[in-house]
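J.: Attaching a single structure in structure tokens format; questions to follow.
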Amino acid sequence: MHEASYALTIVDTVMEALKKEGLENVKVTKVIIKIGELSLVDPVALRNAFEAYSLGSPLEGAELEIEVVPSKFVCKRCGHEWTFKDVYPELKANIPVIHLYPHLVKDLLKCPKCNSSEVEIVQGTEFVIEGFEYQESNE
């Protein structure tokens, strides 16, 4: 379950940012992240892990806003573009592997138009903390 490692990274990164900016008496109310579709992150599991890892910190009780970035592939040979959803039936058996190693999806894909294996992942592997919102703490 790599959702736990994502959650820990989110908490650690925001805590570092708070310390760096001298924001010691604040309560984080929202954390905004973008996660690529190819990571196959379960938003419920991620939120649960975030909730657990943020206990006792300024992030406790913060909303975790998750934007899932859709995948996009392009064939280097013919230029055709497509998404993960377009080829999901062919990749269904490999979902557990893709879940753990999203970068391997490139090795499992062929262009649906020309059948070339020269495929580039344009988007869908992101993990970005876009920002966070906070308010002054009463404590």
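From the backbone N, Cα and C atoms, a Cβ is placed for every residue, glycine too.
What Swiss-Prot lists as Ni(2+) binding site is His2. Here Swiss-Prot flags Cys75, Cys78, Cys111, Cys114 as Zn(2+) binding site, drawing on sequence analysis.
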J.: So, in DSSP terms, is Cys75 (Zn(2+) binding site) helix, strand, or coil?
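T.: Where Cys75 (Zn(2+) binding site) sits, the three-state DSSP reduction gives strand.
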J.: Between Cys111, Cys114, which of the binding-site residues has its C-beta surrounded by the fewest other C-beta atoms within 10 Å?
T.: Cys114
J.: Looking at the binding-site residues Cys75, Cys78, which sits with the largest number of other Cβ atoms within 10 Å of its Cβ?
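T.: By the 10 Å Cβ neighbour count, Cys75 comes out on top.
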J.: How big is the Cα-to-Cα gap, in Å, between Cys111 (Zn(2+) binding site) and His2 (Ni(2+) binding site)?
T.: 29
J.: To test your reading of the Zn(2+) site: which residues beyond Cys75, Cys78, Cys111, Cys114, same chain only, put their Cβ within 8 Å of the Cβ centroid of those residues?
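T.: Residues close to the Zn(2+) site, other than Cys75, Cys78, Cys111, Cys114: Lys76, Arg77, Gly79, His80, Pro112, Lys113, Asn115, Ser116, Glu118.
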J.: Which of the three DSSP-derived classes (helix, strand, coil) applies to Cys111 (Zn(2+) binding site)?
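T.: Looking at the DSSP assignment, Cys111 (Zn(2+) binding site) belongs to neither helix nor strand, so coil.
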J.: If I take the alpha carbons of Cys78 (Zn(2+) binding site) and the residue listed as 'Ni(2+) binding site', what is the distance between them in whole Å?
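T.: Answer for this pair: 35 Å between alpha carbons.
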J.: Round to the nearest Å and give the CA-to-CA distance linking Cys75 (Zn(2+) binding site) with the residue listed as 'Ni(2+) binding site'.
T.: 29
